[in-house]
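Step one of this worksheet: look at the structure below.
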Amino acid sequence: MSAHSSEVKVFVRTRPTACFAQDLIEYLPDKQTVNVRHRRESRKGVVNNQMSSWSFKLDGVMHNMSQEEVYQSVAHSVVLRALEGYNGTIMCFGQTGAGKTYTMTGATESYQQRGIIPRALQEVFYEVEQRVDHTFSVFLSFLEIYNETLVDLLASIKRGRAVQGGALTIVEDPGGGVSVKGLTLHPVHNEEEAFNLLFEGEMNRIIGEHALNKNSSRSHCIFTIHIESRSRTLSDEPYVTSKLNLVDLAGSERLSKTGSEGQVQREALYINRSLSFLEQAIIALTDLRREHVPFRQSKLTHSLKDSLGGNCNTVLVANIYGEAAQIEETLSTLRFATRMKCVRTQPSINEHIDPALQVRRLQKEIQLLKQELSLHDTLANRAVVPNESLSDRQVDEIKSQVQRYLAGTLDEITIVSIRQIQEMFTQFKKAVQEQEQKVKEQLSQKYSLVEKSENSIQSSTAAAAKEPVGAVGAVGAVGEVESGFGLGLAAPSQKHTQASSLNKSKGKKIKENSRKDVAQTSGPAEGVTVNQRETDALTPNCEPEDLEAPPVDQEEHKKKIDSPPCKFEAFEDFKLGRGSEINRILKENKGVLLERMDQLHKLTQAINSCKRDIDHMSSELQLCREQRQSQGQFVGEKGEPVLEEAELILLVGLREKKDQYRQSYEELLSTKAEVRYCQHLVDQCRIRLLTEFESWYNESFLLPEEVQTIFSEGGPIRPGLIPVDKALNLEADEQEQFQRLRTELLAEGPSAVSFYNAHNRTVQRRQQANSSQS
Ligand code: ADP
Ligand code: MG
């Protein structure tokens, strides 16, 4: 199913207050813009930012809005899309007491003031009843993340089925989604059953809350509605599933402001850390150059992975106070909200096909296609071609045809069937691979290659230590195997012997025809210049700075500096640790490459100087000849022409120089080839070092150890859930209040009845549980 990109929708909601800071917070008539002014004196004289006013553009400002209006703006469309198979996430973020729980759950004792979750449940069941052509299954789960510990808030209700047993852990599905292993999923068939579970979970949460802090919830809560829908009419249509996450985040206030200590301080530390990880994840998500998003740094970001960067319709409600005293928190909440607005998600329908159904459908299709094919054969007067797989004998026959075709003894191969063509390609591929292997072997023989696999690196290192390059006198070229690269030491090189024997035979020819030779000064002896481009190509990119750091641009490095570990330092560590072996080989290879290049340079100089000598001697010889011609030719006793001694010395000297020139020229060519080959290996070593570093870095960065230890240190144990007396007293009060409200508000409609029924039942359950304990 194709996905379209969509931005996270962000709303701001102010908690109603009698002293709204009109001079500091301004809502523009477009209902999307909030301007905040911040008086400097409120920062106790510390001025750390020149700006004193900010403007935030969001998707909507909800000021003095009822719960129903909030639901319609924020959640209505996400809920409808969830019924079509799109995942949805609605999150409330903000300072403690700013109204997150009020927005998400609402007041459980008042139907009118119920929040997004009860309204979403009502809408889901209303739609389920309307959409008669589909069957729906609805399941609920309620997860709490308290001090980095996952808690199943519905574990007390026995009916649910766990997503695999065992301790609660976040697992990633192959499709990129996340789920919590061990969390119970409770089937629900109507809104009253759903309210029952919501209130039960809230009650468990509230009791924890009262045991710790009377005013606020200290945990993140994720209430999830899981929906599955199948068509009643089309049996082989894919079925769709979706998850609607309704997230009430813990308060984002600063430690210094609350002045909290002990247990509460430790909680605040966990909350701050997980919220700052949430912010880091969001910053990474909005930076398109970042490949890695650190979702696994905290349970919160990990469990919201598919809601933040996945295929989800995501909405954030930023809850703020409208009061001057809270203006700094308001600012930081609005900054978080605008950052979140830049995150893009790819909403797409979660379609699934029943595998058994899929197999049946494909079998049917194959049958139809076979029939169609034989129909075509019949119409084209062709013998019916078998479509079954080829036998071994047929494969052998095709192989032999391909070999004969390549050898030229077979002109063409007659095409019979698709399977035959496919087999032919397979055989061609094998032939090419064999050929490549042969060429590689030949090359390695020619360049005295010494193979160095990763396992044999040590032994060859030892060998290298015994026979230093200089001592042997001839460095064999280069050994390269897929798993490792190394420059090997060859037995004394063959090429000198080859070159000298070549020159010897050439020398013979020179002797035979010295005159011709003299006339040939414009032959190969043209002087050698190593052309600039070639030199550039051959120069190893091995300046120290190039090799000491991975290709991270400085700018990017600066940006990443706050997300450990620093890549430059990590690369240094890597070269000393896991990458030390490949780094050592790289250095060795560079050493040999530089030595070869030095040799190339010296050869070039020697050849050029030789050429100058040849030119000089040739012109002198020419002078001698001209003189001889003007003065007349000397002849011997028998009348044979005789050369003067000076001319003879020049002639012999010139011949020797030319020999030397040819020899050096041969050597130059072969050194050039070696340099090219060495360069190639150095490049490959470098690439390999960097790629291994990258993957090592990514692995280590994905699961930074310090994060694991932070969360295991001291064990974030959830304190005892049930301080019995407090719970009993509270619930007795509440029950009395509900009974009163129930009679007063029955007029609110049938849904209100199930809302109150569910609430009362939860209270009763709690009382029964408490009395059986005492
Ligand atoms: P949070 O969950 O952010 O810590 P709460 O939702 O618990 O905050 O809100 C704190 C108090 O403020 C509650 O008593 C709640 O009823 C009240 N409150 C918050 N927002 C509103 C609102 N929009 N209208 C009425 N009361 C609100
Ligand atoms: Mg709350």
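Placed from the backbone N, Cα and C atoms, the Cβ positions cover glycine too.
The ATP binding site annotation in TrEMBL covers G94, Q95, T96, G97, A98, G99, K100, T101. In sequence order, K100, L249, G251, S252, A318, N319, I320, E329, T333 constitute the residues six or more apart from G94 (ATP binding site) in its chain with CB-CB distances below 8 Å. Following the DSSP three-state reduction, the secondary structure of G94 (ATP binding site) is strand.
Marked as compositional bias 'Polar residues' by TrEMBL: 494-504.
When averaged over the domain 'Kinesin motor' (7-343), pLDDT in the model lands at 85. What TrEMBL lists as domain 'Kinesin motor' is 7-343.
The region 'Disordered' feature in TrEMBL is assigned to 492-562.
The Cβ of T96 has fewer other Cβ atoms within 10 Å than any other of the binding-site residues Q95, T96, K100. For ligand 2, the nearby binding-site residues are K100, T101; that is, of G94, G97, K100, T101, these have a C-beta under 6 Å from one of its atoms.
Ranking the binding-site residues G97, G99 by the number of CB atoms within 10 A of their own CB puts G99 at the top. T101 (ATP binding site) counts 25 other C-beta atoms within 10 Å of its own C-beta, drawing on all protein chains shown.
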